[in-house]
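K.L.:
Would you mind keeping the following structure in view while I ask a few things?
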Amino acid sequence: MTMDANQKKLVTIFGLFFIPLAIAATWYLVLPENYRPGSMTNNGNLLDPIYPMQAFEQQTKDGETFTGKNLEKKWTLVHLIRGNCDEACSKWLYNTRQVRIALAEDMERVTRLSVVDNAESIEADKKMWDSHPDMQVIVTAQGGVAQQIIQQTAKDAYPEHSIYLIDPLGNLMMQFPPDIDPKLLMKDLEKLLKLSHIG
């Protein structure tokens, strides 16, 4: 039985539509994730959707005003600290400091911010805080940047001492577990800095 012109036309249309679809599906199922077009492996949790930080105004531990504008033009690693900065807290402050230094010529593209809810904890461990001169420290009991981050990431499983990343446009975009290997944190930052044309 031979196909008439209409049947041939239907087969052609079917082929034009489904063959590329089948090739694409095979491509994504067979190839490792790292080699898929446009893919980027993350060691942290990429927030979906990202969250544009809303305007806020707070005070740093040195009495300076810190606003949402301070989050622009650089990649910002954020730590939320409740109560005293314990051993685990000190460790991840140290780790992010070392990661930033290790970025070498890209170091100035990244900044660090800690939000502390207890001013007395800073006075109690002044030596530790003074060892982080490159880090901005906001002292606040409520509101501002900390409240926004908590509201946007409350559904996620990472516990206290998570590390957050805000992009140079002021968007909260990533969350890292507190026990992340500093080398993996650095790997993600290097990828972002390489691909980014902002900050």
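Backbone N, Cα and C define each Cβ position, glycine as well.
Those TrEMBL annotations? Automatic predictions, nothing curated.
From TrEMBL, here are the annotated features:
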DISULFID  Cys85-Cys89  disulfide bond
BINDING   Cys85, Cys89  Cu cation binding site
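Help me picture where these features are in the structure shown.
P.N.:
In the structure as shown, the Cβ atom of Cys89 (disulfide bond) sits within 10 Å of 22 other Cβ atoms.
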K.L.:
Could you find out if DSSP has Cys85 (disulfide bond) as helix, strand or coil?
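P.N.:
Cys85 (disulfide bond) sits in coil per DSSP, no helix or strand.
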